[in-house]
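Below: the structure, in structure tokens.
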Amino acid sequence: MKPTNPIPPSAAQKFLCLFLKDDLAEEVHGDLQEQFHAMLKKKSPFRARLNYWYQVINYVRPFALKNYKSKNSNYLIMYRHHVKIAWRNVLKDKISFLINTLGLALSMFCAMLIILWINDELSYETFFPESDQIYRLVQDQEYDNGEVFKVAANPGILPLYINDNYAGIKAFTRFRPLADKVLVEHGNTQFYEHITYVDSTFFDVFQLPFLAGNPENSLDNPNSMVITANTAEKYFGKTWQQDGILGKMISLNTNEQYLVAGVIDNLPSNTHFKFDVLLPFRKLYEQGWYLGWGNNYYYAYFLLEKNASAAALSEQISKFAETRDDLTDVLYLQALEKIHLYSDFDIDVYGSTELRYPYVNIFVIVAIAIILIACINFMNLSTAQSEKRAKEIGLRKAIGSRRSQIMGQLLSESVLIAMLALIIAWTATGFALPYFNNIADKSITFGVDKWSIWLAFVIGSVFIGLLAGSYPAIYLSKFKPVQVLKGKFHTGGGGTTFRRILVIVQFAVSIILLAGTAIVYKQFQYFMDKDLGYDKDLLIYMPARGDIMKNYDSFKNELLQQSSINGVTISSDIPTYTVHSFGGFDWEGKNEEDDILLHAFSAGFDYVETLDLQLAEGRSFSPDFPADSGNYILNETALKLTGLTAPIGQRFTMWGNEGKIVGIVKDFNFKSLHKKVEPLVLFMNRNWTAYLMVRIAPGDTDQSLRLVEGSWNKANPEYPFEYHFMDQQYENLYNSEKRMVKVFDYFTFFTLFIACLGLIGLINHMVEKRRKEISIRKVFGASISRILTLLFREYLQLILIAFLISIPVTIYLVLDWLDNYAYRIEVQWWMFAIPGFLVLFIALLLVSGQTAKAVRQNPVDSLRHE
Amino acid sequence: MKETRLGEFEEVILLLVGILGEEAYAFKIAEEFESQTKRAVSIGAVHSTLNRLGDKGFLTSEMGKSTPERGGRRKRIYTITASGQRVLQIARDFKLSLWDQFPAFSTGKLSFGK
């Protein structure tokens, strides 16, 4: 398809008119148009247009510009002069310039990454339209033993009741992801997927863009399904959009059929939701899920009216809850935008959550510290630099330069350096972002859509430039030219003290970060190495899917015949992911009034043996005792709670099912080490089974896994075998710590590096000033080592002071962080000593390197000027 | 004080103005430059040089006719002035004398077409 009569790009023409002198307009427009038509005869219209742009841009030349003043303008000459002088200064002291610019660029780079990270953390959920009006219903369950159990889920009927009885709600939806993945098939494509049930009003609350289908009625049909674009591509190929996807069939669990009724865009990464397949909530009614009062299984989100107050609604709901026995008293609304940072629920949508805002706070502090250090360094070095230029300034003043002009010159120089640093930092950020995303497990982009951050960086850099330039500008422009030119100019002692303090601060920050990194790392190592009370190594688990439980006995017997399989058992929970905790227990001597929360897992035979738990008393469940199907095993913490002294054989009741306590297991960490071991009851109920666990013998792990897979495929042929290693899952519990260790590694290194740059600046400055002193000392016979010792002593003092300051600050910060963990390391002296010595060592290395030159030089060179 | 020396590019442009005669306007000169030298040049660069040559007094210009492919706009036709011709002459003589002094290429071995 060829345009009949191509014309030059109008934007280019407008641009040309913008800058071109009026009296040139006619000929230039004419020439360019003629050129354009000549091009058209030989090349494509696109090439011709491109060339037109090229020609227009090539007209941006002084002779053709509007308002272009004569070359003899004073301003222009002065401007050129300033650039020339600035450049000469750079050439005169390249090292200082490099230190200054690179140091600033490096800190800007760190600060940029941190700011992008913080920005991402704060941006969670904000992409939903009206995200500030969306809330979810959560509850704090308070138990009589003082436990507060925080649950983000609610009874299925409660949201309906709230919607019917209170004003201010525009739309609401319930949300229930299945804990385990489901086998999803289309044709020959089959995968395990997480699926989620939502009300048909889901898209009224979360107004997500549809790529196919429409939000109004896509979930009205109980057999309809909404999937994300990724999922559509996975099952229907890249061309799903052209092929027409609506109405195509997808089957779940090999026998349930669903029709694709809508495709939504993929969710961005900054949301707490993770779903690929949405099914209508009413399917849960059909499947007989309990949706009445008293069972907290469902998450509920409300979109409030613009003028409605969430606090008022919260209060009404909790008033209502007080009137009912089957609702906990503390029900409240949590803002959608706060879910990511401010959730610490024992039961949340995808497992338990931890508060994340402390991490944001830590990074805000680190970013501020880095920027501060950079500014200080920059100011420091700029001042030292410009003092060398006292004579230049004196001369300028003598030939009539005004103070404001000198200030302007110095300020614009430092702003220029700041901008240069910004450009370097910007480029570095662009390159480093993929790696950073990898470490921090993010998908941060830095495109034009982040223009507000870009603008903030530019303004920030100008500000840093002005700030850093202000001290030398004000200070130096004040001097009387006569004095300066006579050589009486002396830098004040005050400036040096100031500089010393800055170096102390920098090194204190470096030591704090180093020690902090070491401690965070140690804590992480401790998590990995701690004896948990069960053996997490060589233990695999498989979600119980399909028919596996029907054929479980043969599966187990077959495996146990192998010498490489040490144990097989089933449970409702695995030690890295526990969801079952309840009230409603009774035992001998319990206060009838108290409602006490216990964790309760169903366990199969050999549970204790397979997990390698230690029995404190009694025995584990055994097929030799048929009554065991109604009996209980408690952990030590639960035993303590009951107050029983001789527990074995005592009566214990769970939800009215009376049995006996047959065993007590020693406490084991079935939750992350953030929390102390909580009371636990083990009972037997096969229907609760969610996981199969297999302990394999040391040796050929691959061979053992193949055996398990073989038995699985025999017992459950339709469902592909999927397994996980417990130790890997365990490590995943500490992902945020792991990430922090990594990120801190880098930032600590950078901070130390920047502090070293600062030290180099200070040493250079001091050596420069004491050059004569050193020479005189040498003339009088001081040895090189004597002089080095003399100089060392000064910096040693600074670093010792920094060290002393850093210890209490680190202890305070670190203890605050470690208090998050029920199981934690003790802070030991070497955690400070090693970073301290490291910093000292590096500093001394720098000092000797930098001063050696000054000390070795011939005294004549620095003394002959007197 | 105006500079009156001639740069290499300026010299070529000045010659092209002479060669093109009535057709010496920025686009044509740029086109001719490209076809003669096989080097790409933008009209802006040529125009800027023409302007500079005008300032130095080697060229004069006046608005000429318009054509349809120019959207009815007139073109600026450049002509060499007497001082322009003189400076070309000087440049040529200077180079020829240099060539003559270079023993390997001295006249007789190389022909300059004249």
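Cβ coordinates are placed from backbone N, Cα and C, and glycine is handled just like the others.
Look at TrEMBL and you will find A:98-319 tagged as domain 'MacB-like periplasmic core'.
Feature annotation from TrEMBL assigns domain 'ABC3 transporter permease C-terminal' to A:365-481 (among others). Per-residue confidence over the domain 'ABC3 transporter permease C-terminal' (A:365-481) averages 84 (mean pLDDT, predicted model).
Among the features that TrEMBL reports, domain 'ABC3 transporter permease C-terminal' is placed at A:747-859 (among others).
Residues or ranges marked as transmembrane segment by TrEMBL: A:97-118 (among others).
The transmembrane segment annotation in TrEMBL covers A:359-381 (among others). For the transmembrane segment (A:359-381), the residues of the chain that approach it from at least six positions outside its boundaries are 96, 99-100, 103-104, 106-108, 110-111, 114-115, 117-118, 121-122, 341, 414, 417-418, 464, 467-468, 471, 499, 502, 505-506, 509, 513, 736, 740, 747, 750-751, 754-755, 757-758, 761-762, 817, judged by C-beta separation under 8 angstroms.
What TrEMBL lists as transmembrane segment is A:410-433 (among others). If one looks beyond the transmembrane segment (A:410-433) by at least 6 residues along the same chain, the residues whose Cβ comes under 8 Å of a Cβ in the stretch are 82, 86, 97, 100-102, 104-106, 108-109, 112-113, 116, 378, 382, 386, 444-446, 457-458, 461-462, 464-466, 468-470, 472-473, 476-477.
The list of residues near the transmembrane segment (A:453-476) in space but at least 6 beyond its ends in sequence, with Cβ under 8 angstroms from a Cβ of it, reads 104, 108, 112, 115-116, 119, 371, 374-375, 378-379, 382-383, 385-387, 389-390, 393, 406-407, 410-419, 421-422, 426, 446. Look at TrEMBL and you will find A:453-476 (among others) tagged as transmembrane segment.
Long-range neighbours of the transmembrane segment (A:497-521) within the same chain, counting only residues 6 or more positions beyond its ends whose Cβ lies under 8 Å from a Cβ of the stretch, are 366, 369, 373, 376-377, 380, 383-384, 737, 740-741, 744-745, 747-748, 751-752, 754-755, 758-759, 762, 765, 798-799, 801-803, 805-806, 809-810, 813-814, 817-818, 825, 827, 831-832, 834-836, 838-839, 843. The transmembrane segment annotation in TrEMBL covers A:497-521 (among others).
Panel annotation: around the transmembrane segment (A:746-767), residues 95-96, 99-100, 102-103, 106-107, 109-110, 114, 366, 369-370, 373-374, 376-377, 380-381, 384, 439, 496, 499-500, 502-503, 506-507, 509-510, 513-514, 516-517, 774, 791, 794-795, 839, 842-843, 846-847, 850-851, 854 of the same chain, lying at least six beyond its termini, place a Cβ under 8 Å from a Cβ of the stretch. Per TrEMBL, the feature transmembrane segment maps to A:746-767 (among others).
Sequence annotations record features per position, and here TrEMBL assigns transmembrane segment to A:795-815 (among others).
Same-chain residues lying 6 or more positions outside the transmembrane segment (A:827-847) and placing a CB less than 8 Å from one of its CB atoms are 507, 510-511, 514-515, 518-519, 522, 752, 756, 759-760, 763, 791-792, 795-796, 799, 802-803, 806-807, 810-811, 814-815, 818. Annotated transmembrane segment per TrEMBL: A:827-847 (among others), in sequence order.
Each residue of the domain 'ABC3 transporter permease C-terminal' (A:365-481) gets a DSSP state, and the totals for helix, strand and coil are 100 helix, 0 strand, 17 coil. According to DSSP, the domain 'ABC3 transporter permease C-terminal' (A:747-859) comprises 96 helix, 0 strand, 17 coil.
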